[in-house]
Structures are given as C-alpha cells and as structure tokens.
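Features reported for this protein in TrEMBL:
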DOMAIN    77-138  domain 'Homeobox'
DNA_BIND  79-139  DNA-binding region
DOMAIN    141-283  domain 'TLC'
TRANSMEM  150-170  transmembrane segment
TRANSMEM  190-208  transmembrane segment
TRANSMEM  220-239  transmembrane segment
Amino acid sequence: MRTRRSGGERMFQTLYSYFWWERLWLPANLTWADLEDRDGRVYAKASDLYITLPLAFLFLIVRHLFETYVATPLAGLLNVKEKIRLKATPNAVLEKFYASTSKHPKQADVELLSKRSGCSVRQVERWFRRRRNQDRPSLLKKFREASWRFTFYLIAFIAGMAVIVDKPWFYDLREVWKGYPIQSMLPSQYWYYMIELSFYWSLLFSIASDVKRKDFKEQIIHHVATIILISFSWFANYIRAGTLIMALHDSSDYLLESAKMFNYAGWRNTCNNIFIVFAAVFI
C-alpha cells in the first residue's frame, strides 16, 4: 500500500514539476523566486485563483435575483410575448418513446407507435411536433439570460476601461512588455481578473440549466477555453495584455446580448442596427 502511494506521490510530484517548469513559463535567467512579493511589489500567484470558485457561486445567486427582480419586469416593459403553444395530449406510449428513445421518430417508428397507441399516423406525428414545442425554452427565459449577460458585459467593459484607460500600455503596446515579467500587479487588475474568471466559471456551472442551443458543445468548449486562457495568462503574469484583451472582448459582447434582447422583444429594426454595430466592433 505504501509503495503504491509513494509511486503515486512521485508521479504527481513529477507532473507538478513539469507543469511549473520555469523554462515553460518564464524568460531565460528568471525563476519563480524573482516573482515573489517584496519591497511593496505584488505579483500574480496561482493560489489567487482559488477565490474565483466561491465568487462564481455568488454570481449564480446574484444572477437569480437579477433575473427575478430586474429582467422579468423589464421583459414586461418591452412587451416580450410568448407564442401560444398547443400541448400534446397525455399518452403514456408516446411519452415513453419520446423520453427514452427519440424525439424525432422515423416513419417506421411512427407506424409502429400508431398501432400501439391507437392513434392514426397523422395524430402521432402531430403529437411529437407539439411535444417538442413544449420542451422549447420560453422567450422569457431567453430574454432573462441575455439580460444578465448584457448587464455583466456592459459593467465589465466600463470597469475594464476604468482599469486600463490611464495606463501607458493602453496607448503604447510596447509598454505591455516593458520589464516583463517583473511587472507589479495593481489591486484594480487583480479584481478585474477575479471577477471575469468567476463569471465564466458561473456560466460553465449553469450551462446545464440554461437554454440549450444547437451550439451547446461549442459553448462548453468556449467557456473552458476562456477559463484556461485567463488562468494561464495569470500564471505567466501577462496581466497587462490580459486586461487589454478582456476589455476588448467585453466591448462587443454587450452589444451582441443587447441585440438578442431586442430580438426576443420583437424590435427587429433595433436588433438589426445593433448587430451591425456589433459586427463592426467585433471585426
């Protein structure tokens, strides 16, 4: 037992050493000791990111309150209306097939289900069509999610600009790498990173209960990739470049979410105009 444990510990220690290999993260002739806090200078540390997990759960609580007490009344003001959907009549045979086999039965399945359920082929096809419509997320749910993301991205963009607009590297990109990686971290940069990373953790945690779109798998990959990129830029002390990139992304994200909001509210012209602005900013 001890031998197995010792072998596992050695393997973990080896992987840990390779992961934090200084040549992987830092320029030549520098070590992690050079990035230890001293003389009032503070540097990014991997342990700083632990706080993002409890903050992510706090974001989920704030989101619930926002969607309930802000987004829902806003949807009423913008006249977000639900389409009338006819419900499928209760049918145990069809429901079992729908839940356990397929939501889109083939023609052979439809004919077999017609015999088992006592319904005509046309009635079976209509039942599955109505049953699928019942599972589609409501416009209100979509609007609430878009409202939450719009609010975060807008506030994050404003906060991000406040963090970087008075910094020399905002106007001269050569300043981003001046003295790298011996670049002290500011409290505003710390909180900007923690809040952004916490938000993306919260999106990943809530994706199962959010509106499930066609690009569900791509969304998961996007959130995971974003978390990895933000974390790795923190590990390598790419703080200056990271804050610039996050603010750049936030500058277009809130426009996209606002376009979605107006689309759900039926304001097509407003939606199209905002989307044109979004495309221009994103490009």
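Heads up, the Cβ atoms here are built off N, Cα and C, so glycines get one too.
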DSSP helix/strand/coil residue counts for the domain 'TLC' (141-283): 113 helix, 0 strand, 30 coil
Within-chain partners of the transmembrane segment (150-170) [C-beta distance under 8 Å, separation at least 6 from its ends]: 66, 70, 176, 178, 186, 188-189, 192, 195-196, 199, 240, 243-244, 246-247, 250-251, 253-254, 257-258, 260-261
PLDDT averaged over the residues of the domain 'TLC' (141-283): 91
